[in-house]
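Taking it in order: structure first as structure tokens, then the write-up.
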Amino acid sequence: MTGFENPRIGDILQKLAPFLKMYGEYVKNFDRAMELVNTWMERSSQFKAIVHHIQREDRCGNLTLQHHMLEPVQRIPRYELLLKDYLHRLPDDHDDFKDAQKSLELIATAAEHSNTAISKMERMRKLLKVYELLGGEEDIVSPTNELMKEGHILKLSAKNGTSQDRYLILFNDRLLYCVPKLRLIGQKFGVRARIDVDGMELKESSSLNVPRTFLVSGKQRSLELQARTEEEKRDWIQAIQATIQRHEQTLATFHHLSCSLRDEDYTPPNSPNCSELGKRAPTPIREKEVTLCMKCQEPFNSITKRRHHCKACGHVVCGKCSEFRARLLYDNNRANRVCIACYSTLVGVPPSPASLTSSAHRRRSILEKQASVAAENSVLCSFLHHMEKGAGRGWQKAWFVIPENEPLVLYIYGAPQDVKAQRSVPLIGFEVSLPESCDRLERRFAFKISQSHLTLYFSADGEELQRRWIEVLSRAGRGEELQAHGSITEALEEEGEETATSGENT
């Protein structure tokens, strides 16, 4: 602000806009947070009772915990709308116009992520409504579930042909056939049958005696249904057909997607691509370069979580994620231990749901960014020793990466090939400095970052590495744009080679 005579907000928002990227971390983890809340609402009656008790308080405004969790996601789009309206009313030659435009550009970037999360939350609201309609007895509240259509329908009795009032709920993966429950207050339904979309067939009946009928048959049950109007019949047929087609397309692209994921993000160097999988031996990743299972991201130990190599792709995985066997051509078509993804590709079908752990098909979390891929496209990466003030732990060696696509976040890995970071640190607002005498650090080339009550100490292997990290972290703390330096280890090796060459020439 330059005073009441010439009020401005663009310059202030421009300074604060980089800090709004902090909301990006919340938005990225939004699905996982919702999933955890829903899981523990089902698993723990105590947790559910506490949440319901708090929701009944006046200050909660009769809104659920999930609705309150959405508030931070909606905040950035509100800033964007306010700025657009402000610019619309602001003269082009106003002193604040350029600053306001720049602020809008910065906020719009963060708003894109928020808008995606809002649309997902709208789908979640619909699922919650159906969940309540079924009395909370059906496990349907999941980010992977999508409500396609719901409504009343008539069911024709196979015995005498009489019609009975029923309720259908169509999801992207199943059809719920429901019957009304007797209640004094509010309509509720009970699930009578569940029919998977996988294997479902739809046939349109043609009978003069019983018009507007169609037949839905699946693995679990067949239903002859009657609509009240031709329009209602057409809507149901279109919705069911579209859902079946979508499911078939998903199955058809399953093989392609599994190949793409392996080829783009997960294939070790010199290992077979999807078309060569099983036909030639992979280049296995060294076990010492991995501290977590490359599939379920659980940490290894020498007793209950031992390391195994997938004989098809070379990944280091745990026993649970490599309990599948597939025949490999390069090994004379003998059955070998393979991971879940390779089994699906080689056999042509995914493993049965009963053989999969929940971690095998869960959504990826915010920390699941493969270290080697992040390092290839990083602002800076290298080994450092680190220690948190007041944590009670000594110095630990780890692999640190600041990715190009997230230049204001520091990821900490146990090893360069890990597929999941141990921790992520949003860097905006941190101050970088050299340690003081009161810090009592005994390591050379040390530096620290501090914000509020959190202080992290670091120690580099040399002065040049220390200087580069201080420079990059300082700029990230101020929210400035960063340029890629790549792997510090490789850069220092190149510098050493140049120095040695110049020495030989002299």
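Glycine is treated like the rest: Cβ placed from N, Cα and C.
Mean per-residue pLDDT, taken over the domain 'DH' (1-117), amounts to 79. Summarising the annotation, TrEMBL assigns domain 'DH' to 1-117.
Broken down by DSSP into helix, strand and coil, the domain 'PH' (146-245) contains 16 helix, 48 strand, 36 coil. If you look up TrEMBL, you'll see 146-245 (among others) marked as domain 'PH'.
Under the heading domain 'FYVE-type', TrEMBL lists 287-347.
Under the heading domain 'PH', TrEMBL lists 377-478 (among others).
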Helix, strand and coil residues within the domain 'DH' (1-117) as assigned by DSSP: 93 helix, 0 strand, 24 coil
Secondary structure content of the domain 'PH' (377-478), with strand meaning DSSP E or B: 18 helix, 43 strand, 41 coil
